[in-house]
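Step one of this worksheet: look at the structure below.
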Amino acid sequence: MARFLVRRVLQAVIVTVIVTVIVFALLHALPGGPARGVLGQQATPEQIAAFNRAQGLDQPIWTQYWHYLGRLVQGDLGESFTLNAPVSQLLANRLPKTLLLTMASTVVALLIALPLGVWQAARRNSVLDYTATALAIIVYSTPVFFLGLILIMVFAQAIPLFPAQAPQGDALGDILADPNALVLPVVTGAFATVAAFSRYMRSATLDNLAEDYARTARAKGTSERRVLVRHVVRNSLVPVVTMLGYYIPVMFGGSLVVESMFNYPGVGFLFWNAAQTSDFPVLLGVVLVIAIATVVGSMLADIAQALIDPRVRSVAV
Amino acid sequence: MSGSRPDQLAADDEPAPASGHTPGTVPRRRGTALRRFTRNRLAVAGLAVVAVLFLFSFVGPLIYDTDQVHTDLAAANLEPGDDGHPLGTDDVGYDVLGRLMVGGQTSLVIGLAAGALATVIGTAWGAVAGYLGGRVDAVMMRVVDAGIAIPALFLLLVASAITTPDVPMMILVMGLVSWLVPARLVRAEALSLKTRDYVLTLRAIGGSHRRAIVRHIVPNAVGTMMVNATFQVADAILLVAYVSFLGMGVQPPATDWGAMLSKGVSYAYSGAWWLILPAGVLIVLVVASFNFIGDGLRDMFEVRGKNR
């Protein structure tokens with residue numbers, strides 16, 4: 001296990017370094033480089049040269065990358081072009097709100113998906129199981145925004161139960177103070193997760209139903225229901241929940257859409273606004289943070305899987 | 001959005017032995033590859049839907065001719081059926097039925113081309129990495145890991161902020177952000193193929209690495225590639241829709257099914273269902289169809305159980 005851990009952590013570090021190279025390259029791929037971005041299209045060549053000298057942009061590219069890494073390690077992601085604030089400060093303000101929204105969506109989704117998956121496995125290959133599977137693929141093929149629009153049409157416009165605007169406010173408390181306005185964004189974000197995790201759960205339950213211990217339990221006269229509830233579900237839950245570690249990029253993608261639809265003041269909305277104003281420090285800062293979260297998430301999931309199932313450790317990383 | 005697909009992780013769903021009884025039926029003889037595909041009814045239906053949507057998008061405008069370039073504010077916001085517009089008009093006066101046709105062209109062309117491009121890049125990268133193995137493989141696959149860590153949708157919005165998005169640019173960028181998963185799959189295939197006798201023999205009699213990859217590794221990975229390419233197309237069409245919905249896709253007067261929904265929230269408020277449902281339903285239909293076709297191809301090539 002120690003060897004597995006060392007290799008896996010080392011791998012994550014290498015991948016993170018490659019990610020910083022990609023993001024650094026993107027920053028320099030901008031037409032005219034970062035100088036054009038800050039000074040605007042009207043800047044004269046002299047102004048650009050002066051800016052480049054002041055920012056150290058006239059130095060060799062690897063020196064610049066080294067300085068960039070140095071600033072990253074100190075948590076310095078640069079200054080926003082348009083919002084007049086450090087990117088790290090913007091992220092610190094927005095991330096908790098995005099986490100609140102995605103965690104609420106995920107909890108709601110799992111409460112539906114996990115029982116659904118077990119139920120499908122218990123009724124495997126029946127008409128209901130096939131119907132649920134086809135439905136899951138259709139939900140999976142449905143853009144999050146289309147689901148959101150339907151929900152707005154039905155529950156905000158036709159039957160005005162919930163507002164179609166997410167709670168506003170700078171503090172996390174302001175958002176929690178208006179739970180009614182959270183309903184539509186949370187439900188919209190939950191759909192895709194239900195489709196994905198009911199499939200994982202069904203598959204994990206089926207695998208476990210075929211295991212020797214399940215057969216032993218049946219041979220001892222345990223009822224099928226008890227085998228399922230007492231033995232199989234327990235063993236299936238852990239690997240499925242660790243899958244959440246691999247699911248981080250999908251969650252951020254979903255929150256980008258949900259937040260921009262419902263004007264929810266999180267990281268996704270910040271990113272969307274930055275894309276429209278070409279605010280590159282914000283765009284690339286968000287990309288970097290999400291990429292690192294993804295690398296860490298999949299590393300933790302791999303480690304969790306290895307802890308649960310020793311067979312995983314022997315597989316070369 | 002790249003991520004693990006739920007429909008594929010659950011690929012190995014052979015029924016677990018049910019307690020008590022064994023099925024008494026004799027296993028049917030396995031049909032030809034084509035029959036394995038046609039036995040999957042959802043896949044056949046998917047193929048039919050895709051064919052119809054192609055006809056609708058490319059042949060439709062020849063029969064149902066509308067102006068999709070010039071706006072006509074005098075004819076804006078008409079309800080379905082008004083003044084010869086079967087699906088009404090949008091807020092700048094475009095006929096919605098005609099707009100669905102030209103929008104479909106953009107969605108389908110970008111989806112297919114980006115899926116093909118991603119498959120080509122991914123196959124080349126994965127075949128070389130898996131065949132060469134060792135350090136080269138390790139370095140090439142860490143690059144893939146890093147790419148996968150950056151969600152495609154975010155990267156696409158950055159690209160759209162750098163340059164003005166048009167169809168060729170979107171195909172290029174989407175191809176460049178979506179080749180990572182096929183690369184992983186083909187690499188896994190290449191790892192096992194390179195130890196086969198026919199590859200070893202080729203090397204022993206002096207055949208080049210290049211020949212081994214082009215003539216043996218890639219052709220033998222074709223089943224995996226085809227199945228994955230179909231899912232890639234589904235993902236690409238969905239991704240185009242997301243980028244366009246967020247207002248960062250092709251710019252007016254060009255459109256696609258996602259862009260038609262970019263003002264969807266205000267349409268929803270005004271109760272203009274005909275500006276939301278048709279475009280949304282077409283996206284779901286085409287994406288689900290490609291996913292079902294991919295499932296059918298997986299049966300056909302018998303690459304069951306392989307996660308992509």
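Yeah, the Cβs are placed from backbone N, Cα and C, and that goes for glycine too.
Copied over from TrEMBL, here are the features:
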type     : residues  : note
REGION   : B:1-31    : region 'Disordered'
TRANSMEM : B:42-64   : transmembrane segment
DOMAIN   : B:104-294 : domain 'ABC transmembrane type-1'
TRANSMEM : B:108-131 : transmembrane segment
TRANSMEM : B:143-162 : transmembrane segment
TRANSMEM : B:168-186 : transmembrane segment
TRANSMEM : B:233-251 : transmembrane segment
TRANSMEM : B:271-294 : transmembrane segment
Sequence-distant contacts of the transmembrane segment (B:233-251), meaning Cβ under 8 Å and at least 6 residues beyond its ends, amount to 1-2, 106-108, 110-112, 114-115, 118, 152-153, 156-157, 160-161, 164-167, 170, 174, 178, 257-259, 261-262, 264, 283, 286-288, 290-291, 294
If I count Cβ-Cβ pairs under 8 A between the transmembrane segment (B:42-64) and each of B:108-131, B:168-186, B:271-294, which range comes out on top? B:271-294
Outside the transmembrane segment (B:271-294), at least 6 residues beyond either end, the same-chain residues with a Cβ under 8 Å of its Cβ set are 7, 40, 42-43, 45-47, 49-50, 53, 77, 79-80, 87-88, 90-91, 96-97, 100, 103-104, 107-108, 111, 227-228, 230-231, 233-234, 237-238, 241, 257-258, 260-261, 263-264
